[in-house]
Amino acid sequence: MKLVVGLGNPGKKYERTRHNVGFMVVDALAKELGLMLKKNDQFQAVGGATDKIALAKPQTFMNNSGISVKTISKKYRVKPEDILIVADDIDMDLGKLRYREIGSSGGHKGVQSVIDNLKTNIFPRLKVGISRSEKLEPNEYVTANFTNTQLSQVKKILPVAVRTIKEKFLKI
């Protein structure tokens, strides 16, 4: 079983925020795979699964994402190296993607929560660049909505992110 987890914050209020780009990627992947995502209170997540692939969007808020990831990984007996975390990266240009098999949190509190709960940093991740603001503090910037222009740019890279996940992680 492979588990793809998009990090973000739950609720309409956060739907178009920069921090929710991980959710956007998982939604695009679900559509591509024909998977219906639904709320699962047991996992504190919105998700869906086949016999080989599970998708999840933790509903624990970003900084506690690892709680949901740990619960899901235990239930499905998924090893950390078979869990892909998709998250925003403020230090990368908007729309840039970076796939890594291992690494630190890079200061990302959601990724750090996953590291803390899985007790390892040996899991793949796909970082999606959201750029950095010259005006706003990082915590304000990531929880603010994308501008329409930025959102349009993000929508253009979603198919690239999906292809990257399918080729490099799912190997399909």
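The backbone N, Cα and C atoms fix where each Cβ goes, and this holds for glycine too.
Note that TrEMBL annotation is computational and uncurated.
The tRNA site recorded in TrEMBL comprises Phe61, Asn63 together with one of Tyr14, Tyr99, namely Tyr14. Spatially, by CA atoms, the recorded positions Asn9, His19, Asp88 include one closest to Phe61 (tRNA binding site), and that is Asn9. Checked against Asp88 (site 'Stabilizes the basic form of H active site to accept a proton') by C-alpha proximity, the recorded positions Tyr14, His19, Asn63 yield His19 as the nearest.
Cα of His19 (active site, proton acceptor) to Cα of Asn9 (site 'Discriminates between blocked and unblocked aminoacyl-tRNA'): a span of 7 Å. The tRNA site is defined by Tyr14, Phe61, Asn63, and by the 8 Å test on Cβ atoms against their centroid, the other residues of the chain that qualify are Gly8, Asn9, Pro10, His19, Thr60, Met62, Asn64, Ser65, Gly110.
The DSSP secondary structure for Asp88 (site 'Stabilizes the basic form of H active site to accept a proton') is strand.
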